[in-house]
Amino acid sequence: MHSRTTTTIEDPKNPGHVKTFTFDSAYWSHDGFQKDKDGVLISADPTSKFASQRDVFHDIGRGILDSAWQGYNATLLAYGQTGAGKSYSMVGFGADKGVIPSVCEELFEAIEKQDCLEIYGFFIRDLLSRTKKPGGLKVREDQNMGFYVEGLTSVPCENYAQIEKLMEQGTRIRTTASTNMNASSSRSHMVTTIQFKQVFPDRALTKQSSINLVDLAGSERQKSSGSEGDRLREGSRVNLSLTNLGNVISALADAALRKKVLHIPYRDSVLTKLLQSALGGNSRTTLIAAISPADICYEETLSTLRYAERSGNKAVVNTCTLSRESRAENDKLLLRFYGWSKEISDKHASFTNLDGKVTVTPYSKCKVVVNGVPITTRTKLHHLDRIILGSSSAYLYVGFPSERSSEDLSRFDYDFFQLERAAVEGVSVDKLGAVSSGDGQADPSVLAVFQDYIKLRPLVAEANQMSEELKKGLEMELKVKNLASSDSRGYDLQKEVMVKVTNQRTHEVWIWSKAKFINRKFLMEELYQRFLEGEDSCVAQEDDPFWDPVEVIHLGSAHIWLQSLAYCMQFEDQVEFLNSDGLEEAVLHIHITPCSPTGRAHSEEEVVIDPLELLGKRIDFQIHIVRCLGIKWLKEAARRGIQMGYRIYDLPITLYTKPVWKTVNPQIEETVQFAAFSASQEFLNYLQTNALIVDLWGLQGTLLISFAWCTAEINQICTQQASCDKEFAKALKVFYQSMNLARAQFLRVRQHKPPEDDQMLRPFIHQQSQMLKDFGDLLESSLWKLKNDIALIVKKKREYLLRIKQ
């Protein structure tokens with residue numbers, strides 16, 4: 001700590017690298033204290049900078065009380081890593097009472113009731129109830145009440161002693177779990193709500209206020225806290241909840257500064273839902289950021305201070321005098337603003353009013369969108385047209401008074417613009433197939449994909465802006481995977497949002513999942529923050545969030561229905577490769593021909609009328625990939641390549657053609673023959689109801705797989721598989737013959753009866769012993785041979801499977 005309003009930290013790995021943060025108040029409680037006779041920590045001497053619990057309450061708690069007495073809802077949030085002292089500041093320990101009991105003590109004469117709950121991993125638990133409901137309590141929404149917790153206990157209190165007892169119960173029941181940072185770490189957010197009324201009979205006035213005291217869960221990183229197993233999953237949920245809270249506070253701060261805020265994300269987490277009335281409207285909010293002076297906690301401390309700065313700096317609306325640090329930060333923000341303002345040029349578009357007709361004309365290559373459609377020429381505007389200049393500056397055109405009516409303009413909000421842009425881009429609820437044809441109800445999974453698309457659009461725009469400012473040369477485009485794709489039976493594939501990333505310089509392409517993009521965007525923001533702070537933003541390639549190794553790209557699929565094979569009829573056609581959007585990527589020329597085991601094509605006389613005629617018979621057919629025409633992937637960049645792959649029925653491997661490079665219309669000419677030795681009913685049903693799916697893959701300096709199967713190798717593998725089956729059958733046949741011999745010997749032994757003459761008994765016993773020995777030897781040798789044969793077959797089979805996996 002540098003002063004009572006600033007906090008300074010130094011990087012232990014980089015001495016001399018100092019950062020200073022400015023807040024309304026800054027307190028030191030690490031040392032410089034002693035205990036008085038009551039066990040309360042106080043300053044050791046007048047020169048000590050130690051701040052006691054009473055000092056914190058005097059500066060912060062009384063302000064909360066004053067706000068409540070004036071009729072405002074007041075909120076106090078405690079944020080920081082585990083072990084930094086959040087719960088100590090809020091609840092206290094022993095004789096050192098925290099803010100919550102001190103506030104209650106001051107208010108006990110006027111308190112009407114008190115609520116206490118915890119939010120743990122997005123489940124809500126009533127801390128004043130002795131029973132624990134499985135799955136937690138439910139958050140409901142009411143038109144008048146807003147968000148509320150159904151079934152939450154509200155306990156009337158007549159004095160502070162009752163409140164103190166309830167506080168002890170809630171703190172004792174609260175979910176805790178040991179981590180490396182704190183043996184009694186609170187792994188949940190605890191929300192204590194104090195509600196009270198002030199009645200003024202002479203003025204017929206009642207003031208009702210709520211004080212929300214929130215002890216947030218620890219914000220530490222997994223590596224520092226040693227979190228494992230369930231703690232790791234908790235950490236991700238806890239940090240997501242804290243991030244959502246920060247987003248809400250940031251948006252409210254922007255609104256307080258009279259900035260245009262299109263959306264405040266209260267609904268993104270349980271915590272922000274419940275605090276909606278406490279944070280917005282007639283509410284005053286205070287944030288306590290608890291940090292540790294330990295050098296091993298530097299990263300967490302820096303993160304906490306940035307979080308507090310993000311929330312706190314902007315909340316000081318009426319401050320006129322700027323500190324040196326604030327002016328420096330303001331300069332950085334101005335530079336950032338001017339950099340992003342390039343999205344709207346000085347001469348971006350012209351608006352002309354001529355004879356009562358208003359038109360808009362873009363300048364040069366400036367981006368102008370009208371009603372979701374990009375324009376390049378003069379366009380006439382009509383009443384309530386939506387205009388977007390650059391990437392994110394949205395306007396609503398209101399026509400002349402004669403054009404206006406009593407329409408509701410409130411529907412043209414942020415979501416309306418985003419939905420319109422998405423619809424023009426080919427993504428809408430209808431196109432996603434959100435309404436099933438059966439009961440007419442919306443499909444929740446498809447609606448979730450649509451919501452993901454709407455939420456990610458502005459994030460992708462921000463990532464593109466950062467890429468442009470950092471001169472990375474990447475362009476990111478939001479896509480829906482499997483938007484128009486289906487499986488081998490024609491059913492829609494599961495859809496998900498993805499981001500297509502293109503390097504404008506090298507023409508390399510990547511496909512990022514939603515999770516990967518969000519993770520990369522956080523890393524991009526860290527790199528961009530270093531750039532804004534004037535630090536070195538150059539990183540090694542493997543650490544660059546804008547870089548990835550090249551990968552193969554799925555370009556599209558072609559569906560070839562196999563029904564003709566069930567009737568022994570030849571199929572020959574040109575089939576389109578369609579991408580996820582249902583657009584043509586290339587054309588495939590393919591033959592599927594029924595044939596004899598030797599490869600002779602069937603004649604027309606061999607066509608069957610009923611597929612059941614083939615049941616139990618051998619079916620042979622050839623798949624011949626002739627050529628691929630008009631490959632757009634290769635038209636865009638000549639250095640690229642393509643490869644095709646397909647699987648049929650229960651074949652354990654995917655078959656790939658040889659890679660082709662730099663040829664837009666390549667001649668493939670690859671043929672593979674398949675055989676079903678005894679056609680089952682299941683196989684015949686497969687031929688009649690399924691399609692052969694051929695996938696087209698784009699290559700960028702690497703093959704599709706490390707070892708591509710060529711036609712000869714595929715035939716060799718199929719031969720090896722058939723050979724294994726033949727050898728196994730042969731081994732069983734030999735064993736069966738041996739068992740027949742053993743059975744004959746056994747019967748001879750049974751029929752060999754002893755002679756009546758005693759003198760012949762000895763030779764009989766000798767002969768019988770020899771017969772039993774021969775029988776045993778034959779049985780043992782037969783079993784040994786079968787065991788060896790099976791071992792050799794299994795070995796070959798393993799080698800075959802291992803080769804497939806490679």
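Positions of Cβ are set from backbone N, Cα and C atoms, glycine also.
Bear in mind that TrEMBL entries carry predicted annotations, made automatically and left uncurated.
According to TrEMBL, the feature ATP binding site maps to Gly80, Gln81, Thr82, Gly83, Ala84, Gly85, Lys86, Ser87. According to its DSSP assignment, Ala84 (ATP binding site) is coil. Other C-beta atoms found within 10 angstroms of the C-beta of Ala84 (ATP binding site) number 26, with every protein chain shown included.
Residues or ranges marked as domain 'Kinesin motor' in TrEMBL: 1-314.
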Integer mean pLDDT for the domain 'Kinesin motor' (1-314): 68
Starting from the Cβ of Gly85 (ATP binding site), draw a 10 Å sphere and report how many other Cβ atoms land inside it. 20
Out of Gln81, Thr82, which of these binding-site residues shows the lowest number of other CB atoms within 10 Å of its CB? Gln81
